[in-house]
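Colleague: Handing you this structure, nothing more for now.
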Amino acid sequence: MNKTAIALLALLASSASLAATPWQKITQPVPGSAQSIGSFSNGCIVGADTLPIQSEHYQVMRTDQRRYFGHPDLVMFIQRLSRQVSNLGMGTVLIGDMGMPAGGRFNGGHASHQTGLDVDIFLQLPKTRWTSAQLLRPQALDLVSRDGKHVVPTLWKPEIFSLIKLAAQDKDVTRIFVNPAIKQQLCLDAGTDRDWLRKVRPWFQHRAHMHVRLRCPADSLECEDQPLPPPGDGCGAELQSWFEPPKPGTTKPEKKTPPPLPPSCQALLDEHVI
């Protein structure tokens, strides 16, 4: 499937979810031992943790949306990464969407983030902490040129390279999605230490943030992991293909109905949503 078709599918998946979903009616984590269930784009979570809003190392954006829930592994990853960044004097980590209290489908903006193992992190590290007003209405910093072929040199900073590299080197991280132009710049800057680049995957948009995804926890037996990224640093022909014009004759895919929920997620909805 070519990249244009993939983009249209992603857009349709997002558009199909614009109507309110029953998952929004669950306002607190479902009690129980932490279990990520299903796939990243069709799943849920039992026993989610709440990311503490107050921290000296990070700040949480758009708290009014209440998307700061996730598997304990995700909460620990955020705390671990932000401590590393702080200890290196790089700035404050800005945390975007994680998941809803029980995971599940959003009413827009995300096709994934459903199992408590995904988090969006802004690609800027302010030295001065943001105000409450800034956090509620954050201003994204678009790092990619208008033509989409490279990063904006005046905006690309060594600490952003280091932030992505630190995240990719974390033992629990399986993928990081960034714009192809950002991946390209990482490839140029990486030098000889390149193993971590395998986890950094080019994807549509993601011009101002990275989307970090963790592996399925070993004790989440109903969690469905993605296949590992292809071997290598991903800096060759695969990356360059993202900068090629779409092939002629690309047709808009048919609108698809979301797949059935995993049985455990459907049972969770049946029990907790009237």
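Note that Cβ sites are derived from N, Cα and C of the backbone, with glycine treated the same way.
Keep in mind that this is a model prediction, so the values were computed, not measured.
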Colleague: Out of Asp120, Asp219, which does Swiss-Prot tie to the same Zn(2+) 1 site as His110, His113, His211?
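Modeller: For Zn(2+) 1, Swiss-Prot names His110, His113, His211; of Asp120, Asp219, the listed one is Asp120.
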Colleague: Which cysteine out of Cys223, Cys235 is the one Swiss-Prot pairs with Cys216 in a disulfide?
Modeller: Cys223
Colleague: The disulfide recorded in Swiss-Prot for Cys235 goes to which of Cys187, Cys265?
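Modeller: Of the listed candidates, Swiss-Prot names Cys187 as the partner.
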Colleague: State the Cα to Cα distance, in Å, between Cys235 (disulfide bond) and Asp120 (Zn(2+) 1 binding site), rounded to an integer.
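Modeller: Between the Cα atoms of Cys235 (disulfide bond) and Asp120 (Zn(2+) 1 binding site), the distance comes to 23 Å.
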Colleague: Would you mind splitting the region 'Disordered' (227-274) into helix, strand and coil residue counts from DSSP?
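Modeller: Secondary-structure breakdown of the region 'Disordered' (227-274): 17 helix, 0 strand, 31 coil.
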